[in-house]
Amino acid sequence: MFYIIWLVVVLSYEVVVVGGGHAGCEAAAAAARVGAKTLLITHKIGSIGEMSCNPAIGGVAKGVVVREVDALDGLMGQAIDKASIHSTILNQSKGPAVWGPRAQADRDAYRTAMQDIVLGYKNLEVLEASVIDFSTDNEAGSPCVASVTLSCGKVLHTRRLVLATGTFLGGMIHVGRDKGIPAGRMGDKPSTRLAKALCAHGFMLGRLKTGTPPRIDRSSIDWSATAEQKGDLVPTPFSFLSDAIVLPQVSCYITHTNTKTHEIVRNNLHLAASCASLVDVAAPRYCPSIEEKVRRFPEHKSHQVFLEPEGLDSNSVYPNGVSTSCPIDVQLEMLRSIRGLENVRMLRHGYTVEYNFVDPRELHHTLETKKIKGLYFAGQINGTTGYEEAAGQGIVAGANAALSLSQNHAPFVLKRSEAYIGVMIDDLVTLGTSEPYRLFTSRAEYRLRLRSDNADMRLTEMGYNAGLVSERRFGVLYNKKQEMDRLVEELHRTSITPHTLSKCGIFISQNGEKKTAFELLGHPSITMDILIQLWPSLNSFSRAALAAVGIEGKYAPYLQRQAADIQSFLEEENASIPADIRYSEVHGLSKEAQEKLQRAQPFSIGAARRIPGITPAAIANIIIHLRCRGRASHQNS
């Protein structure tokens, strides 16, 4: 059942979140968990949790983010576990550090699951309305959020505002060379007046674009001409609180474009909105349209197309890999040139959507804007792409919006060494982005530590201390850690000689020195299953504990060496740069460096070092300046 609040008097909320997408839902729930009286405003309650593009959650790096969101008591992992119809762990042939949990979703089931969670959330109310403006007042001489204005003219007072507008901020849809349609998603109106309001408040808006493929009729596909892609035999849940996946599992299928497909696209590039001057803005580099693939990779004779079912009871199939903004007739011709799709029926055409974003260098690591206190941005408004990236930002923005209401609470900031969410936010606020930002494992310096299996071990206690995590989840973590500690202790107590191992057919360095069972895990060819064969008593531990300790033991030698790197990183991160520093007074800094530092306003030496164009010499000059400033301050006191 949906609940709509009808406003008959002026209401006041501690936190208001605008947008019911993946960032908005996580932000609103996070603020509510911390204890703030929270309002989520969405243009359509029935669209809360909508998967606007591909019907899938997770992937390489992205799947780790979903686990991190779940470890902080977020919603996405719980929702996808109720909607997963095809689950797999990507990169299983490689090490656990790059495993990528991914699940194909039943669109309707995911949306329903998210709405059920959000609409029943403690401290959280939901309003179906459109926000067109917000006002500020002065707090200690600086502008601070005071209220939001709805399209109906009503005013809501609030001290904290989170904007999670997705592709709706100044959204415009394009198909072919036809005039663009103002929309944030097909059939949904954009937030045009809110975009103008941000400009009026001094924010410089840029434009980005993304696209979506046509949807095709399941019954019109020749499945015998495609290759079946089965999911994992035993699906792995995303949430650390889920015991199992509940829905039946189905297969996905693979086909390929061909030279005829590419010829059709090439002959119509001049008609595609994404290639014409109609939409001359940056698109996702790592999720290109079929037009971009044909134009950028002319040497490729084919590209994979994944045929992904959109639901157990749905006749709609998502052809992943052929996002397009060609005219509708060209889209159908292109589809029918693909093996297995010769007689396909198109249920909905593809399109490109362009939208506004704000340079994320306008933000602190809390995702609060530098211009206006109490104003936070999360999701595509910060220049990112992807459900998972949006959810990760949402939980940080919502938590900090609520925590900042009290001076007794420290900000909730995740470091690069602690989470992929921390890597993403640091990249955004330090480097900015000129194209839709997507997470990859290669962006993380400490990916051996930032794995999908240990997200709860890394983050749940931190979230609990911030008031973001429930007693139930913390209790689950506590019990898991207790069992893992007992298992590690048992493995350290148990030892064996290389000679005895060789009798069992296991060969390691024959130096005569005993090895503990835990040390053996660091050997490339020795797994936890082998240890169980050697010491059957280990079977008394749960499979979850055995798997977790097995991975920790495998990486232990490398993690010990990486700990020194992390310590060095933390020392730089903890070397804070005062907010009132004047870079023009730092001796030896070039004018260019001064301008870059003044714009970025890095909070630490580490953040300053990551700004493009800031040299080691410039960093040394800043450190010397801060030391001199510190000595002068000490003498004056």
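Even glycines carry a Cβ here, placed using N, Cα and C.
Small disclaimer: the values here were computed from a predicted structure and weren't measured.
Long-range Cβ contacts of GLN380 (FAD binding site) within its own chain (separation 6+, distance under 8 Å): ALA23, THR165, GLY166, THR167, LEU169, LEU208, TYR355, PHE357, ALA390, PRO436. The FAD binding site feature in Swiss-Prot is assigned to GLY19, GLY20, GLY21, HIS22, ALA23, GLY24, VAL131, SER191, GLN380.
Sequence-distant neighbours of ARG295 (NAD(+) binding site): residues of the same chain at least 6 apart with a C-beta under 8 Å from its C-beta are ARG266, LEU269, CYS275. Look at ARG295 (NAD(+) binding site): DSSP puts it in a helix. What Swiss-Prot lists as NAD(+) binding site is 283-297, and the listing cites sequence analysis.
Recorded residues ALA283 (NAD(+) binding site) and GLY21 (FAD binding site) have their alpha carbons 20 Å apart, per Cα-Cα distance. Comparing GLY21 (FAD binding site) with ARG285 (NAD(+) binding site), their Cα atoms are 23 Å apart once rounded.
Taken residue by residue with DSSP, ALA283 (NAD(+) binding site) is part of neither helix nor strand, so it is coil. Neighbour density for GLY19 (FAD binding site): within 10 A of its CB lie 31 other CB atoms from the protein chains shown. Between the binding-site residues VAL131, SER289, SER289 has the most other Cβ atoms inside 10 Å of its own Cβ, all protein chains included. All protein chains included, GLU291 (NAD(+) binding site) registers 27 other Cβ atoms within 10 Å of its own Cβ. For the binding-site residues listed here (ALA23, ALA283, CYS287), the lowest count of other CB atoms within 10 A around the CB belongs to CYS287.
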